[in-house]
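Novice: Just passing along the structure, written as structure tokens.
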Amino acid sequence: MKGTIIKGIGGFYYIKIDNSEEIIECKARGKFRHTELTPMIGDYVEISIDKNNKGAIEKIYERRSELFRPAVANVTQALVVFSFKNPDINIDLLNKFLLLCEYNNLKVIVCFNKMDLVNKEDYKDIISMIEQAGYDIIFLNAKEERNMDIIKKLIKDNVTVFCGPSGVGKSTMLNKIIGKETMITGNISEKLKRGKHTTRHSELIYVDEGLLVDTPGFSSLDINFMEKEDLLYCIPEFRDFIGECKFTGCLHHREPNCAVKKAVEEGHIHKNRYDFYIKTLEEIMNRRKKKW
């Protein structure tokens, strides 16, 4: 049998079987202890059931993506949620979330919540910056369910994580989407008599033919793992200019005849995005110097 790990507690994994609402409790085979591969929420797996009706994970299929905070495999898209007011938008923070999503190869949709508090025209430069970078934007008022129908359609056939700073309404959005009646995993603890009083872990929730990670993504915004070569490919609007600079391996920093810098001057790349890139690049380079 094959299915998806939707929850893991204390060495037990709960697998939702394909084309069924059946959830089977499994342990991982001992062979996984001798490899670097540990089962994760979101893993697509093959399982077996023994004569005592005990489940075991036999195989973990190749992951399309892998997040670490929260630890979830095979996420396909991120809804990056911000507000312009309450709390006020922090452009660098928004860019950092976008950077982490790109690093993890996630499709990104930017959601601006609490639109009832602001006039969109006052923020047209920020909106233009995001659109210029190639991201779709959805304007929301989650409390009043404005445009939440669009979000629900996006979730279908995807594994979706919500991310963004505190206070922007991620939990409200999740609650509006999930609703108690759709929570297939909601009664696992009761049914299996395990997990009720354990530390809370991420889990996947099936809703509208899609999967939601039930805890906000990127609880850490640390980018210490990133190298300058990674950074180059995490700013999507730079990609059109790769190979057009004078120097191979151009970092678009102090090098002359740089196609990216020219694109910034001509308005094809937003200056805020370029400034964020330079600031992040210098952080990475300074960290590397300290290492040595």
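Note: Cβ is positioned from N, Cα and C throughout, glycine not excepted.
The structure displayed is predicted, hence computed values, not measured ones.
Annotations for this protein, taken from Swiss-Prot, read as follows:
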type    : residues                                                                     : note
DOMAIN  : 64-221                                                                       : domain 'CP-type G'
BINDING : N113, K114, M115, D116, G164, P165, S166, G167, V168, G169, K170, S171, T172 : GTP binding site
BINDING : C245, C250, H252, C258                                                       : Zn(2+) binding site
Novice: Cβ distance under 8 Å to G164 (GTP binding site), same chain, sequence separation 6 or more: which residues?
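Specialist: Residues satisfying the criterion: V80, V81, F82, F97, C111, K170, P216.
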Novice: Which of the three DSSP-derived classes (helix, strand, coil) applies to K170 (GTP binding site)?
Specialist: helix
Novice: Considering Cα atoms only, can you say which of C245, C250, H252 is the nearest neighbour of M115 (GTP binding site) among these binding-site residues?
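Specialist: Sorting the binding-site residues by distance from M115 (GTP binding site), the top entry is H252.
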Novice: In angstrom units, rounded to an integer, how far apart are the Cα atoms of V168 (GTP binding site) and H252 (Zn(2+) binding site)?
Specialist: 33
Novice: Have a look at the binding-site residues (N113, S166, T172) and report the one with the fewest Cβ neighbours inside 10 Å.
Specialist: S166
Novice: Below 8 Å Cβ to Cβ and six or more residues apart, same chain only. Which residues does that give for C258 (Zn(2+) binding site)?
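Specialist: Set apart from C258 (Zn(2+) binding site) by at least 6 residues yet with Cβ under 8 Å, we have C245, K246, C250, H252.
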Novice: Could you tell me the maximum Cα-Cα distance in Å between the residues recorded as binding GTP, namely N113, K114, M115, D116, G164, P165, S166, G167, V168, G169, K170, S171, T172, rounded to a whole number?
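Specialist: If we measure all Cα pairs in N113, K114, M115, D116, G164, P165, S166, G167, V168, G169, K170, S171, T172, the largest is 19 Å.
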